[in-house]
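Everything on this sheet refers to the single structure shown next.
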(Lines of atoms letter the chains of each structure in order from A and count residues from 1; the text may use other names and numbers.)
(Lines give C-alpha, C1' and ligand atoms only; values in the text may rest on other atoms or scores of the structure.)
Protein backbone atom coordinates (compact mmCIF):
# COMPACT_ATOMS: atom_id res chain seq x y z
CA UNK A 1 0.00 0.00 0.00
CA UNK A 2 1.23 3.47 -0.78
CA UNK A 3 1.56 6.23 1.76
CA UNK A 4 -1.13 8.22 -0.05
CA UNK A 5 -3.59 5.36 0.20
CA UNK A 6 -3.00 5.00 3.94
CA UNK A 7 -3.51 8.74 4.41
CA UNK A 8 -6.70 8.73 2.31
CA UNK A 9 -8.08 5.77 4.26
CA UNK A 10 -7.27 7.47 7.57
CA UNK A 11 -8.84 10.74 6.42
CA UNK A 12 -11.97 8.83 5.42
CA UNK A 13 -12.24 7.04 8.76
CA UNK A 14 -11.80 10.30 10.67
CA UNK A 15 -14.44 12.00 8.49
CA UNK A 16 -16.85 9.14 9.19
CA UNK A 17 -16.19 9.45 12.94
CA UNK A 18 -17.12 13.14 12.83
CA UNK A 19 -20.18 12.38 10.69
CA UNK A 20 -21.42 9.74 13.14
CA UNK A 21 -20.98 12.14 16.04
CA UNK A 22 -22.89 14.98 14.38
CA UNK A 23 -25.70 12.65 13.30
CA UNK A 24 -26.26 11.81 16.97
CA UNK A 25 -27.25 15.43 17.62
CA UNK A 26 -31.01 15.82 17.50
CA UNK A 27 -32.92 18.89 16.39
CA UNK A 28 -34.59 20.72 19.29
CA UNK A 29 -38.31 20.10 19.64
CA UNK A 30 -39.31 23.73 20.03
CA UNK A 31 -38.45 26.98 18.33
CA UNK A 32 -37.35 28.98 21.37
CA UNK A 33 -33.81 29.37 22.65
CA UNK A 34 -34.88 27.46 25.75
CA UNK A 35 -35.55 24.40 23.59
CA UNK A 36 -31.78 24.18 23.00
CA UNK A 37 -31.11 23.55 26.69
CA UNK A 38 -31.87 19.79 26.64
CA UNK A 39 -29.38 19.17 23.82
CA UNK A 40 -26.65 21.42 25.25
CA UNK A 41 -24.69 18.64 27.05
CA UNK A 42 -24.65 16.53 23.87
CA UNK A 43 -23.63 19.53 21.80
CA UNK A 44 -20.78 20.39 24.20
CA UNK A 45 -19.63 16.76 24.11
CA UNK A 46 -19.71 16.90 20.30
CA UNK A 47 -17.64 20.10 20.19
CA UNK A 48 -15.08 18.59 22.57
CA UNK A 49 -14.80 15.38 20.56
CA UNK A 50 -14.73 17.23 17.24
CA UNK A 51 -11.73 19.20 18.50
CA UNK A 52 -10.00 15.98 19.56
CA UNK A 53 -10.60 14.28 16.20
CA UNK A 54 -9.35 17.44 14.48
CA UNK A 55 -6.20 17.41 16.59
CA UNK A 56 -5.50 13.79 15.68
CA UNK A 57 -6.20 14.45 12.00
CA UNK A 58 -3.82 17.43 11.99
CA UNK A 59 -1.04 15.61 13.83
CA UNK A 60 -1.52 12.48 11.69
CA UNK A 61 -0.99 14.68 8.62
CA UNK A 62 2.23 16.11 10.06
CA UNK A 63 3.40 12.67 11.15
CA UNK A 64 3.06 11.19 7.67
CA UNK A 65 4.92 14.08 6.06
CA UNK A 66 8.06 12.42 7.42
CA UNK A 67 7.25 8.95 6.08
CA UNK A 68 8.76 7.81 2.79
CA UNK A 69 7.10 4.41 2.55
CA UNK A 70 4.69 2.30 4.56
CA UNK A 71 4.86 -1.36 5.46
CA UNK A 72 2.64 -3.81 7.30
CA UNK A 73 3.80 -2.68 10.73
CA UNK A 74 2.88 0.92 10.00
CA UNK A 75 -0.49 -0.16 8.56
CA UNK A 76 -1.37 -2.14 11.68
CA UNK A 77 -0.16 0.59 14.04
CA UNK A 78 -2.27 3.09 12.10
CA UNK A 79 -5.31 0.79 12.29
CA UNK A 80 -4.72 0.48 16.03
CA UNK A 81 -4.95 4.27 16.35
CA UNK A 82 -8.06 4.41 14.15
CA UNK A 83 -9.71 1.69 16.25
CA UNK A 84 -9.48 3.75 19.43
CA UNK A 85 -10.58 6.92 17.67
CA UNK A 86 -13.54 5.08 16.13
CA UNK A 87 -14.90 4.50 19.64
CA UNK A 88 -15.12 8.24 20.25
CA UNK A 89 -18.73 8.59 18.97
CA UNK A 90 -19.93 6.07 21.57
CA UNK A 91 -18.11 7.79 24.43
CA UNK A 92 -19.22 11.20 23.17
CA UNK A 93 -22.87 10.18 23.07
CA UNK A 94 -22.60 8.59 26.52
CA UNK A 95 -21.11 11.63 28.24
CA UNK A 96 -23.59 13.89 26.47
CA UNK A 97 -26.70 11.91 27.35
CA UNK A 98 -25.54 11.29 30.92
CA UNK A 99 -24.73 14.99 31.41
CA UNK A 100 -21.07 14.20 32.13
CA UNK A 101 -21.64 11.52 34.76
CA UNK A 102 -18.72 9.72 36.42
CA UNK A 103 -18.52 6.41 34.53
CA UNK A 104 -19.05 7.94 31.08
CA UNK A 105 -16.39 10.59 31.79
CA UNK A 106 -13.97 7.87 32.96
CA UNK A 107 -14.73 5.82 29.84
CA UNK A 108 -14.16 8.88 27.66
CA UNK A 109 -10.78 9.39 29.35
CA UNK A 110 -9.84 5.75 28.82
CA UNK A 111 -10.58 6.19 25.12
CA UNK A 112 -8.44 9.32 25.04
CA UNK A 113 -5.49 7.72 26.82
CA UNK A 114 -5.69 4.64 24.59
CA UNK A 115 -5.73 6.88 21.50
CA UNK A 116 -2.68 8.72 22.83
CA UNK A 117 -0.86 5.45 23.50
CA UNK A 118 -1.79 4.18 20.03
CA UNK A 119 -0.48 7.40 18.47
CA UNK A 120 2.80 7.02 20.37
CA UNK A 121 3.05 3.41 19.20
CA UNK A 122 2.50 4.60 15.61
CA UNK A 123 5.30 7.14 16.02
CA UNK A 124 7.64 4.47 17.38
CA UNK A 125 6.79 2.00 14.60
CA UNK A 126 7.47 4.66 11.97
CA UNK A 127 10.81 5.51 13.60
CA UNK A 128 11.76 1.83 13.77
CA UNK A 129 10.80 1.26 10.12
CA UNK A 130 12.62 4.37 8.91
CA UNK A 131 15.81 3.44 10.75
CA UNK A 132 18.57 5.68 12.05
CA UNK A 133 17.93 8.31 9.38
CA UNK A 134 14.32 8.77 10.48
CA UNK A 135 13.18 12.36 10.04
CA UNK A 136 10.51 11.71 12.65
CA UNK A 137 13.07 10.56 15.23
CA UNK A 138 15.06 13.70 14.62
CA UNK A 139 11.96 15.89 14.89
CA UNK A 140 10.47 14.50 18.10
CA UNK A 141 13.55 13.87 20.21
CA UNK A 142 11.67 15.33 23.19
CA UNK A 143 8.39 13.67 24.14
CA UNK A 144 7.37 16.18 26.82
CA UNK A 145 3.93 16.86 25.29
CA UNK A 146 3.24 13.14 25.01
CA UNK A 147 4.23 12.43 28.62
CA UNK A 148 2.35 15.37 30.13
CA UNK A 149 -0.73 14.33 28.14
CA UNK A 150 -0.63 10.81 29.57
CA UNK A 151 -0.24 12.23 33.10
CA UNK A 152 -3.25 14.54 32.62
CA UNK A 153 -5.32 11.67 31.21
CA UNK A 154 -4.49 9.47 34.20
CA UNK A 155 -5.36 12.32 36.57
CA UNK A 156 -8.59 12.91 34.68
CA UNK A 157 -9.62 9.26 34.77
CA UNK A 158 -8.85 9.00 38.50
CA UNK A 159 -10.67 12.26 39.24
CA UNK A 160 -13.70 11.36 37.11
CA UNK A 161 -15.10 9.02 39.76
CA UNK A 162 -15.37 11.88 42.26
CA UNK A 163 -15.40 15.12 40.27
CA UNK A 164 -16.26 14.46 36.61
CA UNK A 165 -16.17 18.13 35.64
CA UNK A 166 -12.61 18.44 36.96
CA UNK A 167 -11.73 15.35 34.92
CA UNK A 168 -13.13 17.08 31.82
CA UNK A 169 -10.86 19.99 32.76
CA UNK A 170 -7.81 17.69 32.60
CA UNK A 171 -8.93 16.39 29.19
CA UNK A 172 -9.46 19.98 28.09
CA UNK A 173 -5.89 20.88 29.13
CA UNK A 174 -4.52 18.10 26.95
CA UNK A 175 -6.56 19.39 24.02
CA UNK A 176 -5.13 22.88 24.60
CA UNK A 177 -1.59 21.47 24.61
CA UNK A 178 -2.15 19.82 21.23
CA UNK A 179 -4.49 22.39 19.65
CA UNK A 180 -1.54 24.28 18.29
CA UNK A 181 0.01 21.91 15.76
CA UNK A 182 3.32 20.41 16.72
CA UNK A 183 5.87 22.45 14.79
CA UNK A 184 8.77 20.09 15.51
CA UNK A 185 8.09 18.03 12.40
CA UNK A 186 7.63 21.00 10.06
CA UNK A 187 10.78 22.61 11.44
CA UNK A 188 12.77 19.41 10.95
CA UNK A 189 11.52 18.98 7.37
CA UNK A 190 12.51 22.56 6.49
CA UNK A 191 16.01 22.05 7.88
CA UNK A 192 16.59 18.92 5.78
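Just so it is clear, glycine is given a Cβ too, placed from its N, Cα and C backbone atoms.
For reference, Swiss-Prot has these:
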REGION    26-29  region 'Short helix H1'
REGION    31-37  region 'Short helix H2'
MOTIF     5-11  motif 'RxxxFSD motif'
SITE      16  site 'Hydrophobic filter residue 1'
SITE      20  site 'Hydrophobic filter residue 2'
SITE      23  site 'Hydrophobic filter residue 3'
TOPO_DOM  26-39  topological domain 'Extracellular'
TOPO_DOM  66-71  topological domain 'Cytoplasmic'
TOPO_DOM  94-101  topological domain 'Extracellular'
TOPO_DOM  127-133  topological domain 'Cytoplasmic'
TOPO_DOM  181-192  topological domain 'Cytoplasmic'
TRANSMEM  1-24  transmembrane segment
TRANSMEM  40-65  transmembrane segment
TRANSMEM  72-93  transmembrane segment
TRANSMEM  102-126  transmembrane segment
TRANSMEM  134-162  transmembrane segment
TRANSMEM  165-180  transmembrane segment
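Positions of Swiss-Prot features highlighted on the structure.
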residue : record                              : contacts (Cβ under 8 Å, 6+ apart)
16      : site 'Hydrophobic filter residue 1' : none
20      : site 'Hydrophobic filter residue 2' : 89
23      : site 'Hydrophobic filter residue 3' : none
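Counting same-chain residues at least six beyond the ends of the topological domain 'Extracellular' (94-101), those with a Cβ under 8 angstroms from any Cβ of the stretch are 24, 41-46, 107-108, 164-165, 168. The transmembrane segment (102-126) and the transmembrane segment (1-24) are not in contact, since fewer than 3 Cβ pairs between them lie under 8 Å (pairs 6 or more apart in sequence).
Proximity of distant same-chain residues to the topological domain 'Cytoplasmic' (66-71), defined by a Cβ-Cβ separation under 8 Å and at least 6 residues beyond the stretch ends, is recorded for 1-3, 6, 126, 129-130, 134-136, 139, 185, 188-189. According to DSSP, the region 'Short helix H2' (31-37) comprises 5 helix, 0 strand, 2 coil. Helix, strand and coil residue tallies for the motif 'RxxxFSD motif' (5-11), in that order: 7 helix, 0 strand, 0 coil [DSSP]. Here the transmembrane segment (134-162) has Cβ contacts under 8 Å with residues 63, 66-67, 102, 105-106, 109-110, 112-113, 116-117, 120, 123, 126-127, 168-171, 173-174, 177-178, 182, 184-185, 187-189, 192 of the same chain, all six or more residues outside its ends. Helix, strand and coil counts under DSSP for the topological domain 'Cytoplasmic' (127-133) come to 7 helix, 0 strand, 0 coil.
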